[in-house]
Amino acid sequence: MKKLTENQTLSFESLRGIAAIAVALAHVFQFFLARYHPEYYRAVGLVAQSSVMVFFVMSGFLIGVSIQNNKSRNGYFAMSDYAISRFRRIYPPLVLSLIIILLMAFVAPHVFESGSQRFSTESDEFIKGRGIFYWPSQIFSVLTFTNGLLPQGTPFNTPLWSLPFEAWYYVLAALLFTKKPFYIVLAFILAYAISGANIKFMIFGAVWFAGLGLSIIDIKGKVHTVAACILTTITSWFAFAHGAKYISSGGDYTMFNMWFGLAFAAFTYLFILSMNIRINIISNSSKYSYTLYIIHYPIIMFMIGMFESRVMGGFYSSLPIAICAAAIALALAYKASQYVENPNLIKRFM
């Protein structure tokens, strides 16, 4: 069995929770406050993007641990057990987020200042054209993990772009760990096809599979500490360079994402796995991190729709609404996670 130390478990829980909260707060700033302090917009945007890369690294690592424990427990890789565990983990919070969207879209015309599902503001670049609305095909794309990979998007909940990436990485990892030639070839064909639809799948795959690779390595001895130091230095330099370029000039942040993700993988290799450093910062937030990640965005949009004139009325007019939106998202995620992220409860229904 692949076992993590107490420090490693606590560190991963802390970082997962911090990353989810960082994404939520970054979006709160982006939609409520950035118009009044645009000089911080790009830097805060990188915080959100880098937090998703933190998720990718930890996801890859923990999936690798899960697969190895699956093999140890069963004597072989039981793909059905793996698929069921992933299904139970992903779908309950995802379905909750869709239910929230459907309810909000129904209620929006009755409570939004615009009188419709869309915001009335046409001149503000941060919320122009946004609101709580959807097409049935978009809901289907979310349930089949094709949004973000195919042209179909999810404007009602943009953070959902990362879920198809992770879901298909899960599939590729499972196929590779069968160690059967047919499934390995199938994994490469799938990776090639999906990357053809969206090249970011391959780019961010380097981040996710870096995490997976760390789960396979037997990390003992000074050689790993030295190697991790070198990798952390190199990847951090590239991440900083791409981040600084984006903040100063704008443009695309995909390469920053990749290098930051690899830098975080190296950080994990050095500090969490090699040195067994203990990170204990709001570790309990990991219990509702996934739920928070996929429900905070529609809550933000709904609050803007209800108080659009105040949001557009100045920094100090918008700030209380921003704080309320963040508090509601955190409180709802905390409460809902007791059901949709409760393994024992979910097993009774699935």
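Every residue, even glycine, has its Cβ placed from backbone N, Cα and C.
Residues or ranges marked as domain 'Acyltransferase 3' in TrEMBL: 11-334.
Taken from TrEMBL, the feature transmembrane segment covers 12-34 (among others).
Within the same chain, residues 1-2, 4, 12, 15-16, 18-20, 22-23, 26-27, 30, 77, 82, 85, 162, 165-166, 169-170, 173-174, 177, 204, 207-216, 243, 246-247, 253, 256-258, 260-261, 264-265, 268, 293 sit at least 6 positions outside the transmembrane segment (46-69) and bring their C-beta atoms closer than 8 Å to a C-beta of that stretch. Annotation source TrEMBL lists transmembrane segment at 46-69 (among others).
The transmembrane segment annotation in TrEMBL covers 90-112 (among others).
Summarising the annotation, TrEMBL assigns transmembrane segment to 132-150 (among others).
Feature annotation from TrEMBL assigns transmembrane segment to 226-244 (among others).
Marked as transmembrane segment by TrEMBL: 256-276 (among others). With a cut-off of 8 Å between Cβ atoms, the residues of this chain six or more beyond the transmembrane segment (256-276) that come close are 5, 7-8, 11-12, 46, 49-50, 52-54, 56-58, 61, 203-204, 206-207, 210-211, 214, 219, 224-225, 227-229, 231-232, 234-236, 238-239, 241-243, 245-246.
If you look up TrEMBL, you'll see 288-307 (among others) marked as transmembrane segment.
Here TrEMBL flags 313-334 (among others) as transmembrane segment.
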Across the domain 'Acyltransferase 3' (11-334), what is the average pLDDT of the model, as a whole number?
96
Tertiary contacts of the transmembrane segment (288-307) (same chain, 6+ residues out, Cβ under 8 Å):
16-17, 19-21, 23-24, 27-28, 31-32, 55, 89, 93-94, 96-97, 100-101, 104, 108, 111-114, 119, 127, 130-132, 156-160, 163, 321, 324-325, 328-330, 332-334, 336-337, 340-341
How about the transmembrane segment (12-34) and the transmembrane segment (313-334): at least 3 CB pairs under 8 Å, pairs 6 or more apart in sequence, or not?
yes
Do any residues, 6 or more residues outside the transmembrane segment (90-112), come within under 8 Å Cβ-to-Cβ of it, and if so which ones?
119, 131-134, 139, 142-143, 156-157, 160, 163, 167, 290-291, 294-295, 298-299, 301-302, 305-306, 308, 336-337, 339-341, 346, 350
